[in-house]
Amino acid sequence: MDLSSIRKLITRYCTGEESWVDSRTVYIGHKEPPPGTEAYIPQRFPDNRIVSSKYTFWNFIPKNLFEQFRRIANFYFLIIFLVQLIIDTPTSPTTSGLPLFFVITVTAIKQGYEDWIRHKADNSINQCPVHIIQHGKVVRKQSQKLRVGDIVQVKENETFPCDLILLSTSREDGTCFVTTASLDGESSHKTYYAVQDTKAFNTAEEVDTLHATIECEQPQPDLYKFVGRINIYLDRDEPIARPLGSENLLLRGATLKNTEYIHAVAIYTGMETKMALNYQSKSQKRSAVEKSMNAYLIVYLCILISKALINTVLKYAWQANPNRDEPWYNQKTETERQRHVLIRAFTDFLAFMVLFNYIIPVSMYVTVEMQKFLGSYFILWDDDMFDEELGEGPLVNTSDLNEELGQVEYVFTDKTGTLTENNMELRECCVDGHVYVPHAICNGQILPGAAGMDMIDSSPGIDGKEREELFFRALCLCHTVQVKEEETVDGIKRGIHQGKSTSFYISSSPDEVALVEGMKRLGFTYLRLKDSHMEILNREDEMERFELLEVLTFDSVRRRMSVIVRSSSGDYYLFCKGADSSIFPRVVSGKVEQVRARVEHNAVEGLRTLCVAYKKLTREEYEETCHLLNSAKLALQERDRKLAEAYDVIEKDFILLGATAVEDRLQDKAADTIESLHKAGMKVWVLTGDKMETAAATCYASKLFHRNTQILELTTKRTEEQSLHDVLFDLSRTVLRHHGSMTRDTFSGLSGDCQDYGLIIDGATLSAVLKPIQDGTSNGGNYKEIFLEICRNCSAVLCCRMAPLQKAQIVKLIKASKEHPITLAIGDGANDVSMILEAHVGIGIMGKEGRQAARNSDYAITKFKHLKKMLLVHGHYYYIRIAELVQYFFYKNVCFIFPQFLYQFFCGFSQQPLYDTAYLTLYNISFTSLPILLYSLMEQHINMDILKRDPTLYRDIAKNSLLRWPTFIYWTFLGVFDAVVFFFGAFFLFDNTTFTSNGQLMATNTQMMFGNWTFGTLVFTVLVFTVTLKLALDTHYWTWINHFVIWGSLLFYVIFSLLWGGIIWPFLNYQRMYYVFMQMLSSGPAWLSIILLIIVSLLPDVVKKVLCRALWPTTTERIQNADKLYKGHLSEFTPLSSLHAPPARKHDRHGNENQNHTHRRSDSSPPKKLMCTYWGGRPDYCTFSSFLRIGENPRFSGAAYAYSTPGPETSV
């Protein structure tokens, strides 16, 4: 027996039958099948408990500590703390242990609270009551005690406790209505069907008599796929077999609607339900700032090791002289002195590591966490992003990515419900070339004042009346719409027309509701589905009944749906509606060209089009169709493929009737938002499942494409004419011919010097592009790279006919490209969840397709237009603030610890601390923490209105520009310079010392007692004041809170030092700081020295900023200067483009200046008119399209009078 056979036997024995077979058998009501029919094989299934929590009471502490110490920073500080405990180090273990304990405790409390919330949610679900049929009675149980095979009774508005097969309902036709918003995001009502042979079992007693088994597939996460078979045992020997599909399966988490009650049998429970299998653990997203922090941490760790190594080597070089031994005050024992030199060297190395370890800012991680958490409330509190209609504002599901909102380079957006309102309105229908335009029909609501219909061409005539009515009947019959008779549903009044309560329609597709309502306006009213008969009211108010025989459901592959009905006269009809590309090839007669022309016209206008066709069936054809469908439905293996083959055979040889056009309007300010994102330097891609023409029209309307945009098509239609390889290389040559070696910013869509390209690709072609090349032919190549190169040179990309998985593949492809850009995905439906989870930042829209996208996103907003402020304002501020926070923390720690490094050269490398233990501990925790935290929460370097008006300012912070290596090196060297000034400035104050009468050293030039702690306190005082004032100089937005925290922190340091050194503390065994601070302040020269050293330390940074602002100002600095000139009141008429740096003049290869005649005004043009505005009583002057230009000379560009490219004339 080979190893594989043994493994299979072990697996089968240990895990049970159900884990290795392809299907499971469920015994309804736990009843064994009749003797002689089939073997009774009991199987083990899990209970119905749902577990989403991460910890238990017993494993919380060890598991949480393990996870926290997996972070390199926490683990590093733990090692330092242990070293301080084990060996004799120059500082107390408290200095490292206390901050580490604080970080670990705060994080553990936060994570424990979040998990406690999850436990509460799990318990509320697991302990909720459910009703089970036992021995003909309804018994109440807890949900967690439900077992596979139990018969469950669910009432209206209750949630299904597990995955169920529908047996019977309170409705005579055996149907029920369900909303699955919590599963797939679809909030509309869906129809599910009971098994025909069990729908008569309506009471608990009747259901309890049912003898049946269900054979179905093992649990799998696909919400839309289910294959099974029910065997019903009656009096006869052979059971009746009926197919089971997704239309019979009620999923856990869905809610029963508009149905009094249902009976169903549990087939998947607990963690085997489809909802549980779809729990997708969100991968930990890390921002670019966090990655930069980790890189800087590694650099500083290397600096730390280098410092310790240098000091260790120099110590033993110093002690090589026999006259120099270990200093007496280190109190080394004789045993320690006699240890092996390598052991002593290693111990000293660790001691130096501990002494210098404060260069790694442990408190930075706590401050960053607090800044992100508290900063996220600014989005929640933003009234501009509150939606009055929904009564909701934005949501922040994670605060870890706040700053990433300021780094977005690619935006991937859904179309329907995101760019558009998902509010369908029937605009017109075309029957044999005759166009009808119903009006005032919107998403199933008849607006008051609508009195009829408009005809925009001649009447079809008597001959066309029959075809016209057949078209209207087809739309009344070919759908899955349900009729709601009552006035209210889910507490919302619906169907109110002229003050009267009328019926209204509900459906899983808003398109279908719009079509059926449109037919109602045109005289054909769908009434109801009763006893498998569809009832409609014709123009003569006569009721027509059609028996519904078969429904060929819609799927995204076929892109059509069909129904087979029998009229009262006995005629069989097959009505079909679907996309034009799936209907026209199957049509054999009808006015195809006229209808095709109208469909193309409507698609260009951005309307959603459907074509309608039919064919008559003979009785023999119908019976053959039934046999074909039934054999496919009963298959347990490859049922989907067999059904698709059956549909393909049935749906052909149609007669074309006409087409419809439904409008999905753009959301408010969607076009303005996309235009602003373009100006901010972002590439916007639209990923949609719609057809190309409709999506392209929406892209034009939303300003994704402009009229001068050259559209490049990479579609199935083109790849049929020539090979994919040739198409890709043709497109590549086209874009590269114009762009050449231009950078990304050059062709972002703002430059007028290059052709603007837009790419359209469909799902089928994308699959071919992403498919790996198998052959080694000359045509084989890396299509992905060519495709990416084309996309980089396009200002916008439209991907149509996209499956949800393909959306995620597109995002992943861009993320993995060589530039590694920051991506953002935004959508409103469950089909957008995959790309939202894949992108660096995922944003969900709380729209009409449920909340699945909002729940799985990092942030949720109510309208697409709010994306503009979220990125251009909040994202900009978040990034500016945290970038300063990170650089400032490393800077102030270099200032803090480098004097300690220099001090070792003057104390014989004895590991003597320069600062007191209290100062070491409280420097990052108290003295310098609050000012930077408040800065990182409140700083506004540019006014919020200016950021919204000028999206190009977003480019100044792109590509993590404030945390690049040159900036990091500048901050580090600035810290080193300041540390040198602190140390040697204080050192030279004590240059001349003399002994006093009591044996103490006194500095003759300052009249201060000279000593280690006096020297260290002086350095520390200059340090605290310098780093705090450095932050004050960087602050642009001052409030009373800033003043209170900055000056309050300095005051707190002074008061603490006075108390710490002015009182005998009984719990301390040393008083080395007693009276040190007060006697230092009693010296006048010391005061002068402190002020002088602070000025010298800050001067280089101030000079550098002044020179850069004067000579090489950035766009941000220009606007800051202008805003100061206008005292924070830049006029809304002031064009901010005029404050941008003047564009470089282009020269041709002969050195001549290249004039752009399209945009340059002639010299003879009249001067611009001026507009005078008043702020605070003083006039300022500006023009509409550029600031006042002195003598048309660009040399006069500056804060108030900036050069800009002339624009069109504007009259005042």
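Cβ coordinates are placed from backbone N, Cα and C, and glycine is handled just like the others.
Feature annotation from TrEMBL assigns ATP binding site to Asp414, Lys415, Thr416, Glu512, Phe554, Lys577, Arg608, Thr688, Gly689, Asp690, Arg801, Lys807, Asn831, Asp832. According to TrEMBL, the feature Mg(2+) binding site maps to Asp414, Thr416, Asp828, Asp832. Sequence annotations record features per position, and here TrEMBL assigns domain 'P-type ATPase N-terminal' to 42-95. Marked as domain 'P-type ATPase A' by TrEMBL: 129-273. Here TrEMBL flags 854-1114 as domain 'P-type ATPase C-terminal'. Taken from TrEMBL, the feature transmembrane segment applies to 295-318, 349-368, 918-938, 968-990, 1010-1032, 1044-1068, 1074-1099.
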Candidates Asp414, Thr416, Phe554, Gly689, Arg801 (binding-site residues); nearest Cα to Asp832 (Mg(2+) binding site) turns out to be Asp414
Can you give me the Cα-Cα distance between Phe554 (ATP binding site) and Asp828 (Mg(2+) binding site) in Å, rounded to a whole number? 22
Per the 3+ Cβ pairs under 8 Å rule, pairs at least 6 apart in sequence, do the transmembrane segment (1044-1068) and the transmembrane segment (918-938) touch? yes
For Arg801 (ATP binding site), list the number of other Cβ atoms lying within 10 Å of its Cβ atom. 23
List nothing but the one residue from Thr416, Phe554, Gly689, Asn831 whose Cβ has the fewest other Cβ atoms within 10 Å; the candidates are the binding-site residues. Phe554
Can you give me the Cα-Cα distance between Asp414 (ATP binding site) and Asp828 (Mg(2+) binding site) in Å, rounded to a whole number? 8
So which residues does the transmembrane segment (295-318) touch in its own chain, when a touch means Cβ under 8 Å and the partner is 6 or more beyond its ends? 72-73, 76, 324, 341, 345, 348-350, 352-353, 355-357, 359-360, 886, 890, 901, 904-905, 908-910, 968
On average, what pLDDT score does this prediction assign to the domain 'P-type ATPase N-terminal' (42-95)? 81
Summarise the domain 'P-type ATPase A' (129-273) by DSSP state, stating how many residues are helix, strand and coil. 18 helix, 68 strand, 59 coil
Lying 6 or more residues past either end of the transmembrane segment (918-938) yet within Cβ distance under 8 Å of it, the residues of that chain are 91, 94-95, 98-99, 102, 358, 361-364, 367, 370-371, 374-375, 881-882, 884-885, 888-889, 892-893, 896, 1016-1017, 1020, 1024, 1027-1028, 1031-1032, 1034-1035, 1037, 1039, 1041-1042, 1045-1046, 1048-1049, 1052-1053, 1056, 1060, 1073
For the C-alpha pair, I'd like the distance in angstrom between Gly689 (ATP binding site) and Asp828 (Mg(2+) binding site), rounded off. 13
Between Thr416 (ATP binding site) and Asp828 (Mg(2+) binding site), what is the CA-CA distance rounded to a whole number of Å? 8
Could you round the CA separation between Arg608 (ATP binding site) and Asp828 (Mg(2+) binding site) to a whole angstrom and send it over? 19
Provide the number of Cβ atoms within 10 Å of the Cβ of Asp832 (Mg(2+) binding site), excluding the reference atom itself. 32
When DSSP states are grouped into helix, strand and coil, how many residues of the domain 'P-type ATPase N-terminal' (42-95) land in each? 26 helix, 0 strand, 28 coil
Could you say which of the binding-site residues Asp414, Arg608, Asp828 has its Cβ with the most other Cβ atoms inside 10 Å? Asp828
How big is the gap, in Å, between the Cα of Arg801 (ATP binding site) and that of Asp828 (Mg(2+) binding site), rounded to a whole number? 17
